[in-house]
Amino acid sequence: MARRALKLASLAAAASGIYLYGNKFMDPNDFGVVRVGRAIATTAVITYDYLTSLRNVPYGSEEYDFLKSQVHLRSAERLRELCCANRGTFIKVGQHLGALDYLLPEEYTRTLKVLHSQAPQSTRQEIEQVIREDLGKEIKELFVSFEDTPLGAASLAQVHKAVLQDGRTVAVKIQHPKVQAQSSKDIFLMEVLLLVVKQIFPDFEFMWLVEEAKKNLPLELDFLNEGRNAEKVAQMLKNFEFLKVPRIYWELSTRRVLLMEFMEGGQVNDKAYMEKNGIDVNEISRNLGKLYSEMIFVNGFVHCDPHPGNVLVKKCPDSGKAYIILLDHGLYQVLSESFRMDYCRLWLALIKADMKRVQKYSRRLGAGDLYPLFACMLTARSWESVNRGIDQSPVSASEDVEIRSNAAAYLPQITQLLNNVPRQMLLLLKTNDLLRGIESALHTRASASSFLNMSRCCIRAVSTYQRSKSHSLYRRVHISLTEALSLWQINLYELFLWLKGSRLGSWVIAFLSRMHHST
């Protein structure tokens, strides 16, 4: 089997090289043999490690689990090194994998998370070249000052602080010069290698990753699209006074250069920053939940990269209010109406612990017989908690350990699910995990108020949809009254929770208890 793996890897290398050179798909100057060879060699070594390390060990034994964890860790480290060496698209895909907590083995997610802080930086000369090519001017002609050290560097671009000739302070997002040319070739190479691995491990189902990259990378590499997304979401969520989205300066923006209003603050997972600046951690967590519930359930237009570097918080010194600043609008998921309704109804069923409807809507979303696993993936809760009601108790440390260990145990079933569910679901799962990571860092995870906000948005979305499909005035009035009653019940329950947690509520409960005992 190991010999077959090496033969297939060699065959893939030869076939890829012949095809790429023969079809002039690859320019050796920017995508040389070293780059391709590095990816092929890493894939071959990882494959060989899995084949040989677990070959003669009884499946399910303690030794098997220990060795498998070690192979996961070695493989994740090799994959991280490959991403750092090949940069660009490889880092982007590695970051995506690192965000899939509770879906991939912890050895992978923990190891690949560091890619968010290990993105490459373009040189001053490369930055000047991109600005010259896209804007037709030198940096000194456009800016009074331009900071050489970037505010942040990501897999596809980096951001610099600058001051325009008219005195406006701006953030300048500049694409790494070679990313555009290399991205399609990188994706093609990944596709070839994953197909080879699937021949060796038939249960290996990660083609969804390549398909998502094919669809999303061209959008992320078009900064004009990012600017349009920023303006759309700012208009869509204008009723949330706590949200700030940087203004776009279109006159100096292109597909590779984006100029926007400069905004600064602490990262949303930096609890120490919030405590130092008098920002209520629970309020930030609640407001972030409101934003994403509105985007997902009501509007179906979802910012899909809420890692901490893209979500900042700041307290206004004049008003004392805390703001959430939403950055990096390159990756959005547009949800179809039918998908959004099924997703709303599924979450309502999960919150109510209505298992028949959980099964029904999970199946409609492609989960099939794996609907219990799907429910656990969505909620990051155990099946026992899902059955009991996910709003009934917070996540315990033991439950969290159980979920993470199950991610490794059920990896074949998880990858099967990820291949079967609609493509829209994949980015939502990533978004859910990133948001859970923020809640975990702030110690505000899965509070009752977050489920109440989700319920409100789901009820509003379903009611709006039902009214739009009804031609009967009586039916529309009935839908509106049912909606109002449901929202009133949620408000009443929220008031009960507030009283229960307040001093007044504690006093009332103690008073009633004394009255009861006295009688």
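Note that Cβ sites are derived from N, Cα and C of the backbone, with glycine treated the same way.
According to Swiss-Prot, the features are:
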DOMAIN    145-481  domain 'Protein kinase'
BINDING   Leu151, Gly152, Ala153, Ala154, Ser155, Leu156, Ala157, Gln158, Val159, Lys173  ATP binding site
ACT_SITE  Asp305  active site, proton acceptor
Close in space but at least six residues away in sequence, with Cβ under 8 Å from that of Val159 (ATP binding site), the same-chain residues are Pro150, Leu151, Gly152, Ala153, Ala171, Val172, Lys173, Ile174
If you measure between the CA atoms of Ser155 (ATP binding site) and Asp305 (active site, proton acceptor) and round to the nearest Å, you get 13
Span of Leu151, Gly152, Ala153, Ala154, Ser155, Leu156, Ala157, Gln158, Val159, Lys173 as binders of ATP, largest Cα separation rounded to whole Å, comes out at 14
Counting Cβ atoms within 10 Å of each Cβ, the densest environment among the binding-site residues Leu151, Ala153, Ala157 belongs to Ala157
The correct three-state DSSP answer for the residue listed as 'active site, proton acceptor' is coil
Other than Leu151, Gly152, Ala153, Ala154, Ser155, Leu156, Ala157, Gln158, Val159, Lys173, the chain contributes near ATP (Cβ within 8 Å of their centroid) the residues Ala119, Pro150, Ile174
CA pair Asp305 (active site, proton acceptor) / Ala157 (ATP binding site), Å rounded to integer, equals 15
